[in-house]
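Student: So that we are looking at the same thing, I have put the structure below in structure tokens.
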Amino acid sequence: MKQDNQTGIKHKGEAKTARIPIKVVPLEEKLRKPEWIRAKLPTGQRFFEIKEILRNQKLHTVCEEASCPNIGECFSHGTATFMIMGDICTRRCPFCDVGHGRPNPLDPNEPQHLAESVAAMRLKYVVITSVDRDDLRDGGAQHFADCIQAIRASSPATRIEVLVPDFRGRLELALDILSATPPDVMNHNLETAPRLYKQARPGADYAHSLQLLKDYKTRNPDVTTKSGIMVGLGETDEEVLEVLADLRAHDVDMLTIGQYLQPSNGHLPVLRYVTPDQFKAFEKKAYDMGFRHAAVGAMVRSSYHADQQAREVIE
């Protein structure tokens, strides 16, 4: 059996992106990282406590799997974004550092392990995301719901944000399941402008992702909706504003915009570093358009300070 088809084998970097429709073409000379792109190094006992809890419960975080630059700061403050359903994704998005392959079966004990970890970490706000699971009948929606229910049972005061995949080909079923067990915040990222989807999000569809957000809001008007994009993949400022307008037209409440950073040479190159002034301009436009909260800046990620992002919207 070819290793590529074996269950549980994780491919990263060039091994992951080799088969995408539009190949990754590295720049002859990488753009120099500007001085405003700086991450804080992991420090403090709390960082290592979080790591130990995660390992003991056999849990994954997107902070680790996607090589997030903010991991030191978030772990040190006792926050983490849990990544359920394993650490192997069925998609090959060339901006993302999560591994690709044929995933293992779901762990039926994961919801309980997650709930125990949330309680042990004394989290007031938790973000749950996942790999894409195109191999599952419901795309993993029921597993999300099981995790929400388990956390509600053991930590009823904890606010829950879910960052979901697109549930391609099974959207209605997924919406039914997640409407029966709603989170406090429903997040699904558009990631980039529609012109760049074939290159950056092979297998995804811009209109479908917008429809997911709109349909969930229609079914659950009291649940806050959220989405985010990266800049630096080749989009123009005008395209960024067009995406923002599309999100507002689909009743999305909260927004994140951050700088794309290349995880490895096998990933899409950074084509521009957006300046702090331009991020401020995007933020102003977002509020002018009616977003209830906009987190905009070079180091912003979808779940970075998610508790602070949501506080003024859901309380």
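Backbone N, Cα and C define each Cβ position, glycine as well.
Got these off Swiss-Prot a minute ago, pasting:
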BINDING   C63, C68, C74, S303  [4Fe-4S] cluster 1 binding site
DOMAIN    75-292  domain 'Radical SAM core'
BINDING   C89, C93, C96  [4Fe-4S] cluster 2 binding site
Student: Under a three-state reduction of DSSP output, how is C93 ([4Fe-4S] cluster 2 binding site) classified: helix, strand, or coil?
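Tutor: Its secondary structure by DSSP: coil.
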Student: Nearest by CA distance to S303 ([4Fe-4S] cluster 1 binding site): which of the binding-site residues is it, out of C89, C93, C96?
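Tutor: Nearest listed residue in space: C96.
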Student: Mean pLDDT across the domain 'Radical SAM core' (75-292), rounded to an integer, is what?
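Tutor: PLDDT averaged over the stretch: 94.
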Student: Using all protein chains in view, find how many other C-beta atoms are within 10 Å of the C-beta of C96 ([4Fe-4S] cluster 2 binding site).
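Tutor: Counting Cβ neighbours of C96 ([4Fe-4S] cluster 2 binding site) within 10 Å gives 25.
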Student: Compute the mean position of the Cβ atoms of C89, C93, C96, which form the recorded [4Fe-4S] cluster 2 site, and then list in sequence order the other residues of that chain whose Cβ is within 8 Å of it.
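Tutor: Nearby residues not in the site list: K16, R91, R92, P94, F95, D97, V98, H100, V131, D132.
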Student: Among the binding-site residues C89, C93, which residue has the fewest other Cβ atoms within 10 Å of its own Cβ?
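Tutor: Relative to the other binding-site residues in C89, C93, C93 has the fewest Cβ atoms within 10 Å.
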Student: Can you see whether DSSP assigns S303 ([4Fe-4S] cluster 1 binding site) to helix, strand or coil?
Tutor: coil
Student: Applying a 10 Å Cβ distance cut-off over all chains shown, what neighbour count does S303 ([4Fe-4S] cluster 1 binding site) have?
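Tutor: Step by step: centre on the Cβ of S303 ([4Fe-4S] cluster 1 binding site), count other Cβ atoms within 10 Å, giving 29.
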